[in-house]
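Trainee: Feature list, courtesy of TrEMBL:
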- 38-286: domain 'G-protein coupled receptors family 1 profile' (DOMAIN)
- 25-46: transmembrane segment (TRANSMEM)
- 58-82: transmembrane segment (TRANSMEM)
- 88-109: transmembrane segment (TRANSMEM)
- 140-162: transmembrane segment (TRANSMEM)
- 189-214: transmembrane segment (TRANSMEM)
- 235-256: transmembrane segment (TRANSMEM)
- 268-288: transmembrane segment (TRANSMEM)
Amino acid sequence: MSNLNESKANITQTVVMAQTEQVKMFLSVTPCVIFLYVNGVMLFTLSKKTVFQEMPRYMLFGHMLWVDTLNLFMSVVLYICAFRRISFMKYVCLFLLISTTALLHVSVLNLSLMSLERYVAICFPLRHAEITTSERTKMAIGVVWMIGLIQPLSDMIIFYAIDSTSAVMNLFCSRTTLFRLQIYKKLEISITCIFFVSVCFVIIFTYASIAAVAKTASSDKVSAKKANKTVLLHLLQLVLGLISLLLEPIVEAIYVRVDFYILTNVMYFFFVVLIIFPRCLSPLVYGLRDQAFGWSFKYYFTLGFIRQNRCNTEIRLVAGGCKI
């Protein structure tokens, strides 16, 4: 009789867990789909005005949108596959993991470019147009991608050189299951430390410089304060990015101390806070804070129901009065 009761209790617990997982999946995937649409509208808005494609600040903003949109999409795909217990061949898993790693690194490095652009705009306003040209911005984005691909390409070289045994075998796709050798972890920690110390230095330097300029009587205090808030947003994104890169070691440390059900809840919390939240919130915050871009975005987002104030938008763009 007791065995029967225990069996019923186990079945009930399994059903409750399955229902809970379904609810969590709905609550996490739904906002991702919504913000993928929002990001798509923002990218469409940027493509509709030539000035948005030529001004460095909008070029960097558009680059951030592309990277975060791709990163969000791939994160959702991996999450759904994990939820459905879908396994991949090692080669497919390798492609997915190096892609997400590259996108995350590029996203973090792009923060430093956006901070430096604000630094030049506030600290050297007379030379801003000369220093931050569209050609130099494109070159800087290219350099960012070259640096961001260092770890993914290193992981791929190591995998093909010494760790490609049973490469067609199916497995649950994560860095923990695919990259088991210690050399992967040492490489990841080393590159992560170098990246984030460098980017953190750039962001703190630009914040301090803009704050110093804001105190001078001759400066545009409103613009300087807006730029400082923007740089602080970059710093917050940097911290969240660092934690997300260190997610695998954190999960491994928790895994040996808690049961599987608690571990899944912890991983879900990390996924929402560190993966979904920053990539859903940051494009919206940056886009709506910019007054010139905001008019155009609202027009396309509402399918023309909110009329675009074209004159006001053009004046702000020409005058350089829109601050991201």
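Any Cβ shown, glycine's included, is placed from N, Cα and C.
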Trainee: Mind checking which residues of the chain, 6+ beyond the ends of the transmembrane segment (58-82), have their Cβ under 8 Å from one of its Cβ atoms?
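Mentor: Those are 25, 28-29, 32-33, 35-36, 39-40, 42-43, 46, 51-52, 88, 96, 99-100, 103-104, 106-107, 110, 113-114, 117, 134, 137-138, 141, 172-174, 271, 275-276, 279-280, 282-283, 286-287, 290, 293, 324, in sequence order.
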Trainee: With a Cβ cut-off under 8 Å, give me the same-chain residues at least six positions beyond the ends of the transmembrane segment (25-46) that come close to it.
Mentor: 52-53, 58, 61-62, 65-66, 68-69, 72-73, 75-76, 79-80, 83, 268, 271-272, 276, 279-280, 283-284, 287, 293, 296-297, 300-301
Trainee: Sequence-remote contacts (6 or more beyond its ends) of the transmembrane segment (189-214), Cβ cut-off under 8 Å?
Mentor: 105, 108-109, 111-112, 115-116, 118-119, 122-123, 147, 150-151, 154, 221, 224-225, 227-228, 231-232, 234-235, 238, 241-242, 245-246
Trainee: Check the domain 'G-protein coupled receptors family 1 profile' (38-286) for me and report the mean pLDDT.
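Mentor: Mean per-residue confidence for the domain 'G-protein coupled receptors family 1 profile' (38-286): 80 out of 100.
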